[in-house]
Amino acid sequence: MTLAPPPSSRVQLTDDGKLRHFLSVEHLSRSLLEDMLDTAASFVDVGGRAIKKVPLLRGKTVVNLFFESSTRTRSTFELAAKRLSADVLNLDISKSATSKGETLLDTLRNLEAMAADMFVVRHQDSGAPFFIANEVTPGVAVINAGDGRHAHPTQAMLDMYTIRHYKGGFDGLRVAIVGDVLHSRVARSQIHALNILGAEEVRLIGPRTLLPVAAESLGVTVFNDMAQGLRDVDVVIMLRLQKERMDSAFLPSEAEFFRLYGLNNEKLRHAKPDAIVMHPGPINRGVEIASEVADGPRSVILNQVTFGIAVRMAVMSMAISGQESSQNPEQGEDHGR
Ligand code: CP
């Protein structure tokens, strides 16, 4: 018996299982995520070439639609698209007709009239990229660059790339995600990705007020004590306090949070001696991470950013290829590497 794919897969995948939008890691297969990481690996060296370009998206138009602020995601999507030879339009939402009352759908229709082939969307509302993916003209791809508290799938995949690069894979791997998990779309996507890719154990560490209710149902182990949670882990992922998403007092104070959950060299001693330290950024020094760790030898935080370009190149080329194959089943057989 063939089971119907879950709703997010139906939107994201073509009838023959290729990626056509990338909205969420949830419900995707291990083989598709591994294919994405392998495709990214084939793009890493492009950043080191004298001419940092491949022609895969030549003639395509990518529109960055960022309704929330961003440094890393917006910049690396722009660089990724340019390295794939696409034309890139960064709509400045603060100066757009959104401020005159234009709806998201009307903005979308107008950008489609300019022959956009892909929308990269960051939005404060969970589900906005799904809404757009259901509304766009067939053949146009939508990539979720972070929606509300829901998902940040390309961040999770660049994190998986980084882990695979430094640890060789996911078998037997213990990963700790520390801090404000409750408000973190990054953590949600990371948990799904780590479970799909077969990590041995995913631990969430934080105060009860900043962990999801019934977090264990996500397939994780929960710790409220930093020393216990970090014991013998291979990877430590620190999270920023998402104060912009907090509507009540979740913490006594930032100083108290740093004392209990801020990562410094003394706390890092509980992890394995070769454990790596990651953070999606932006980092808040002295709040969730000490400078001695952020700038120390175990930190791979800036490497995550570099790998993000290759991972976003992979996602964009796979989505365009999937769209082309669903429009014309004779095309789009590979990712055009
Ligand atoms: N990690 C991340 O999403 O950073 P930006 O908000 O700068 O894009």
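Including glycine, each Cβ sits where the backbone N, Cα and C put it.
Given the structure is predicted, the values throughout are model-derived calculations rather than measurements.
Of the residues Arg30, Arg109, Arg122, Arg245, TrEMBL places Arg122 in the same carbamoyl phosphate site as Arg72, Thr73, His152, Gln155, Gly281, Pro282. For the binding site of carbamoyl phosphate, formed by Arg72, Thr73, Arg122, His152, Gln155, Gly281, Pro282 according to the record, the largest Cα to Cα distance is 16 Å, rounded to a whole number. For the pair Gln155 (carbamoyl phosphate binding site) and Lys100 (L-aspartate binding site), the Cα-Cα distance reads 32 Å. If you take the C-beta of Arg185 (L-aspartate binding site) and look for same-chain residues 6 or more apart in sequence within under 8 angstroms, you find Ser126, Gly146, Asp147, Gly148, Arg149, His150, Ala151, His152. Within the group of binding-site residues (Arg72, Lys100, His152, Arg240), the Cβ with the highest number of other Cβ atoms inside 10 Å belongs to His152. A Cβ distance below 6 Å to any atom of ligand 1 is met, among the binding-site residues Arg72, Thr73, Lys100, Arg185, by Arg72, Thr73.
The carbamoyl phosphate site is defined by Arg72, Thr73, Arg122, His152, Gln155, Gly281, Pro282, and by the 8 Å test on Cβ atoms against their centroid, the other residues of the chain that qualify are Ser70, Thr71, Ala145, Gly146, Val186, Pro280.
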